[in-house]
Protein chains: 6
Amino acid sequence: MDLDQFTRSHFADASAAYEDAAYVIFGVPYDGTTSFRPGTRFGPRAIRELSFNFESYEPAAGIDLADVPLADIGDIEPARLPDLVALQVREVVADLARDGKFPILLGGEHTVTIGAVEALAPDCFVVCDAHLDLRDELYETPYSHGCVSRRVYDAGVTNIFIIGARSGCAEQYAFAGRVTLYTADEVRGRGITAILREIVAATAGKRTYLSIDADAVDCCETPGVGTPEPFGISTYDLREVVRTLAPQVVGFDYVEVCPIDAGQTAAVAAKLIREFIALRWKKEVVGGDQT
Amino acid sequence: MDLDQFTRSHFADASAAYEDAAYVIFGVPYDGTTSFRPGTRFGPRAIRELSFNFESYEPAAGIDLADVPLADIGDIEPARLPDLVALQVREVVADLARDGKFPILLGGEHTVTIGAVEALAPDCFVVCDAHLDLRDELYETPYSHGCVSRRVYDAGVTNIFIIGARSGCAEQYAFAGRVTLYTADEVRGRGITAILREIVAATAGKRTYLSIDADAVDCCETPGVGTPEPFGISTYDLREVVRTLAPQVVGFDYVEVCPIDAGQTAAVAAKLIREFIALRWKKEVVGGDQT
Amino acid sequence: MDLDQFTRSHFADASAAYEDAAYVIFGVPYDGTTSFRPGTRFGPRAIRELSFNFESYEPAAGIDLADVPLADIGDIEPARLPDLVALQVREVVADLARDGKFPILLGGEHTVTIGAVEALAPDCFVVCDAHLDLRDELYETPYSHGCVSRRVYDAGVTNIFIIGARSGCAEQYAFAGRVTLYTADEVRGRGITAILREIVAATAGKRTYLSIDADAVDCCETPGVGTPEPFGISTYDLREVVRTLAPQVVGFDYVEVCPIDAGQTAAVAAKLIREFIALRWKKEVVGGDQT
Amino acid sequence: MDLDQFTRSHFADASAAYEDAAYVIFGVPYDGTTSFRPGTRFGPRAIRELSFNFESYEPAAGIDLADVPLADIGDIEPARLPDLVALQVREVVADLARDGKFPILLGGEHTVTIGAVEALAPDCFVVCDAHLDLRDELYETPYSHGCVSRRVYDAGVTNIFIIGARSGCAEQYAFAGRVTLYTADEVRGRGITAILREIVAATAGKRTYLSIDADAVDCCETPGVGTPEPFGISTYDLREVVRTLAPQVVGFDYVEVCPIDAGQTAAVAAKLIREFIALRWKKEVVGGDQT
Amino acid sequence: MDLDQFTRSHFADASAAYEDAAYVIFGVPYDGTTSFRPGTRFGPRAIRELSFNFESYEPAAGIDLADVPLADIGDIEPARLPDLVALQVREVVADLARDGKFPILLGGEHTVTIGAVEALAPDCFVVCDAHLDLRDELYETPYSHGCVSRRVYDAGVTNIFIIGARSGCAEQYAFAGRVTLYTADEVRGRGITAILREIVAATAGKRTYLSIDADAVDCCETPGVGTPEPFGISTYDLREVVRTLAPQVVGFDYVEVCPIDAGQTAAVAAKLIREFIALRWKKEVVGGDQT
Amino acid sequence: MDLDQFTRSHFADASAAYEDAAYVIFGVPYDGTTSFRPGTRFGPRAIRELSFNFESYEPAAGIDLADVPLADIGDIEPARLPDLVALQVREVVADLARDGKFPILLGGEHTVTIGAVEALAPDCFVVCDAHLDLRDELYETPYSHGCVSRRVYDAGVTNIFIIGARSGCAEQYAFAGRVTLYTADEVRGRGITAILREIVAATAGKRTYLSIDADAVDCCETPGVGTPEPFGISTYDLREVVRTLAPQVVGFDYVEVCPIDAGQTAAVAAKLIREFIALRWKKEVVGGDQT
Ligand SMILES: [Mn+2]
Ligand SMILES: [Mn+2]
Ligand SMILES: [Mn+2]
Ligand SMILES: [Mn+2]
Ligand SMILES: [Mn+2]
Ligand SMILES: [Mn+2]
Ligand SMILES: [Mn+2]
Ligand SMILES: [Mn+2]
Ligand SMILES: [Mn+2]
Ligand SMILES: [Mn+2]
Ligand SMILES: [Mn+2]
Ligand SMILES: [Mn+2]
């Protein structure tokens, strides 16, 4: 891994050197295909800033993040053409995988997920998102934030679970028949616990990637996103997803934070990334295998 | 030159010509009597801007708004004296009624509702509002945002249902005995479904007008309003009101959006106006009569 | 010149002279030790501004605040060294106690609470806070917003009830064994009513001080605070605390409002302070003794 | 309790009681007829807040404002109909004149000036403004911010000097032939000193009122106004106007500050009001007569 | 229904139908390759909004814009790949040229200029810009805001005049030897009048395109741009450019307005576009031929 | 130097390792004694963010910053008591001096300068500031942003040159007799060149420290400061100070940037720091003395 390609800046308590790290955070400040409101390029910066709002000790796990081998290698400098950005991310994540690191990607728009999934080639893809992201193309490019789950599907990862969606064109809703869709209303109606039980059962023993598009959450709770949708899942639902899947996934990203609010969207992101790492580390430390 | 490739600023998917439209949106950017925080004059603009955040397809109705005969004729240029604004709105809505159009009014402060109700002379008035709006006069004028439901009452529409109120002086609470009041705490306690059942029963077969003052919702969910009140109804309660009453009302307005937040208040407004139109159109298309 | 036609900037309806007042509001615009985001010095101003957003009549109590002997004596000009600020507050609250006034303190950062508790020397301390505030020292000073409950404990007020906490280092969680801790998740799980029942039983007949750190509430509801934490208690939980304890406490403060949001955090503060006063006054007027 | 240790929100150093004051500040937080951007109702609050940014000592005059008999009596609660607001201001200023006080009015929109001029009936009216304000009516009302200088003219004060104007309809430019107009470009070309020499000569021995519409200044220097115009006079030009005319005018207002910027517009206002008072007091103290 | 009473969102006073228009405004809300701060996609909207801040009468020209055959056809919906955006613009401007309309393009980032120049194939290119924009490629794409003047040069329009530049890499400064560069310091030192005299002489009788990148102006005057540079030309310099060249150019754009300030940057843009149109129309009306 | 005490983040093009660096940037995000508006703790972050707005090539010097041995070691974590912060800074700067590095300090409030001057013990102190900063104590502490120049004087550096001041109490103006004061009006009147000639003459051959308090500049140009003052020096004056003194000073800081504006204040800071470094490096490289 050539660390010179990254700019410095860091997530709180990410004090390990790259060589010693088990978890590696990096950012992709890209928002070149955004539909509604740009600014997700500032997502990595905002999440890092808010990460300093929290104590290093995570009470949910009983873990102090300062004790975790966590590195933050900074941001890549993204290209402006989205297919090239996907390529950049793919190479970084492939490098991380080769070096035995667990990748934690901070977006940037959702497009950045594509390269990470391509690099890891998981069996399953769990995504929290207000949008189906199943378009084949948007605004003349197939590498768009509106095509993420479709690109993942086309990459052969057809075992897709979408949580919290409530927006898409008729064609996307039709295509959604090929994946497992839990709409936000369904999450609200059935409860996230029941849904996660199904997902855990379906992904047991399989290599799974977890992608969180911040707009999955109701925009009245976390308005700092590029394409805000009301009537979403709650931050508690999202926390349950993270707590449940953290110990078992092979890759993780948190994208689409657009810091135009009072910081609450980035605060939720930073907090859940911290819980993700602490809970995962706790499991590794206390034993039990890990996917 | 093919002019269809250009967007004009309007509500998203409002692509019909006035002549062909069944639904007509117009705005009244007026905030001349505001008490606390001005800026509701920018409400129509904000709602329109946020309307482009959404897909044209409304999954709740299975309707694509691009298929609905919907026109947006823009904003009137309001006078500065509130009684004249009421008059302006009355004339516009009367014209719309004469032309057989369903009016959808975007405020602006709540005062703009008065003229619409006067023009349509409905039997019943259902209003979601944090405030009783039952003053006879406020700051030396009877045409004030604090007198809306009172003006409606005085216009002979005494069959009034107020949902979500939690603010008023003692005199207004006394006057509220003449109308049906569901406070926000009562909505929270009994559930909006039970309350809507009562309202539907009471308004069955009657011409009903629906007015949504955005401050009905808890200001911690949607802070972008002129007079923010905490401890309100939820956006889900409001959605239930819209979904239930959309098919049966004769006029509709959404007022008091003051876009000083990160867009969530206008996002809820735009989304609910979209659902209102889609659900209503669905009913008209699939048959069944309409109030 | 009739000076009564003019408003001076103060808390709305605080129309009594100091001599005639039973309740006295004052502000401490201090934010000198803030960790994450400064600006709580503007908390008193913001709470006062938002207080004018509300009707003088409080429907929950059936009391018009204009009828309550309430004074707002303004802000002290705080020193810059936090130990001196604590001293300033202690002297003001001691003066108020000597004059038979009930003190209502508007922060500023939580540090300002220390002096008030020292002056009143209550038996019990009930605090709503996202943070344990049990550090012995933070950033080289023991008079820090991160040490408030610890200073209270060290001042001999060891009967401490913390509601809503979800952040602290391991040492603070260890120390928390000496106090009664209701975490935010516990409030969410058991319900605030059950918890308040315990607190009321434990504090019965004892002199109790109530301190509200605005960050107790989930930052997705009220993001305008200095150290925003998600996954907190709700505004409804906080209202229940205020409604339950208002009639019985000997001192009250509302701190850590940092007005960088659309006003919702200050709106909740102003509303709850109004309810606090109205409910307490109602009890005094209708009889029954008071701690 | 020593109440003097507390600050009440007012203009900094306005420490005199009304009875003892020679200068009396009051605010009119009215913005009911605003054309472009509302918010001038927050002008008085912003100017007062920024006034605390400055030392009490004014080096230009060698005067400490704390030594000047200056009172701030707060804001009137304005009506919502602009003709009533003019009436309110007229009565306040008439009261002040009767009590022998020099009035300093903080707007609010420019409409508030009308009542002050009516009350004082000066011989001359000097106004700094980007706009001619010579319309006979705007948006259906003659009491509008666009009609100020015209109302003054119609009130018989035809000796009008407009400094910095660069906007008006053709009719207003025609009407401007009856007054003395120094456009912003002329100020820039000839220099403010030469122009002020003419004005001082023309108003010598006459009772003159000075009104400053904050938008006279180039909006790239002070963007916090209701109707921002580039290519205006500079803050230095405005300071020269204030320094030159302060000792001789009979009434003074500073209006149209709309605090949506980083505070610079209110900072200029507060600073110039402070210089106005200090320079005028210096002249009164050191002798010399005063108009 | 009289639809003329409603405003559609467009540039103020752009009341002509496309068929009747001599001047046609359109927007390209594209910011896909922005380096520093996104948001220029909101430039067209902001300029239009601010355009309503001004009187329809332009005193500099003695022309009322309402009398000018001016149309605003709205915004194109841009692709996300910058080379496609250039293509879109080229086709629109070619259509406008074919229809005999004078094009006025509102950006959007500077990249949008490329297509307009390609369509019009002028002899000369005059650009006000803080940046040389002479890179051959930036972030993996030759169609970037950092390559505008280079693309123009490569398109054969080598007669380029850059006014106000103060930023570029060494390679760009080397390439600048092939064009005529007037740095901001040179403008300040020699005066814009002398420089314009040279440009007018050099472009006499030639078909010239004028492109204004808003960041040419000092960012302390107009900070609302994507890549703010201090030590720039003044708004007065820019006005002089517009006033001088308006009557003679064959195409005009105003780009890179990023509305994150208090509106001053868009106010300058709207004002100068209005002056451009008014002055040009004045010349056409009073006679004299036009390039 | 223990680099672990610093948090990472960096100034653009600061690519050297500490060991190899000739210039070392570090930040002190402290705003504990701020009078008016807090937030200068975010100054270092803002200056660094804006530093990426600029090309690495500095045309004024013909130097590419990427070629300069420049390191950014990040921010210290400041204490909350201002005397301790002064101590922290003193130790860092002493370490830098011992290691032969040229220190460039990013504030934070002006208080941070004290420790740097104490560490370097220069012969002369040149400070650009709106304020005299000559108080002996402010708000109960002698280590305050209002006492900086006084602390420097008391540390024995009595050869002080204050440029741009326009605010202070009478006592400070009296004390100013012991230093050389060039008020903002004098800079405007005489021109900065003449004044700098005097300063250069007076400091020739002496070890001089240069401190820039961002509020020296007129707040209408750069409003993002803690205590904004209009009628200041221009950014061009400040550039002249930097260009003139850069080659000869022994220490440099840029303080009091409070990023609440659209970025222009931090843009000026970042640009001038870049010019400072480039011009100084140019001289070191080409050798020879300086004007
Ligand atoms: Mn997505
Ligand atoms: Mn999404
Ligand atoms: Mn209402
Ligand atoms: Mn309401
Ligand atoms: Mn606390
Ligand atoms: Mn707390
Ligand atoms: Mn005016
Ligand atoms: Mn004006
Ligand atoms: Mn450019
Ligand atoms: Mn540029
Ligand atoms: Mn200073
Ligand atoms: Mn200063």
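Here the Cβ of each residue, glycine as well, is placed from N, Cα and C on the backbone.
Note that TrEMBL annotation is computational and uncurated.
Taken from TrEMBL as is:
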BINDING   F:HIS110, F:ASP129, F:HIS131, F:ASP133, F:ASP213, F:ASP215  Mn(2+) binding site
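Overlay of TrEMBL annotations on the structure.
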{"residue": "F:HIS110", "record": "Mn(2+) binding site", "Cβ neighbours (10 Å)": "30"}
{"residue": "F:ASP129", "record": "Mn(2+) binding site", "Cβ neighbours (10 Å)": "30"}
{"residue": "F:HIS131", "record": "Mn(2+) binding site", "Cβ neighbours (10 Å)": "27"}
{"residue": "F:ASP133", "record": "Mn(2+) binding site", "Cβ neighbours (10 Å)": "29"}
{"residue": "F:ASP213", "record": "Mn(2+) binding site", "Cβ neighbours (10 Å)": "31"}
{"residue": "F:ASP215", "record": "Mn(2+) binding site", "Cβ neighbours (10 Å)": "29"}
Setting F:HIS110, F:ASP129, F:HIS131, F:ASP133, F:ASP213, F:ASP215 aside, what same-chain residues sit with their Cβ within 8 Å of the center of the Cβ atoms that define the Mn(2+) site, listed in sequence order? F:VAL127, F:ALA130, F:HIS145, F:VAL148, F:SER149, F:ALA165, F:ALA216, F:THR227, F:VAL255, F:GLU256
I want to verify one value. Collapsing DSSP to three states, which class is F:ASP213 (Mn(2+) binding site)? strand
Per DSSP (helix/strand/coil reduction), F:ASP129 (Mn(2+) binding site) sits in coil
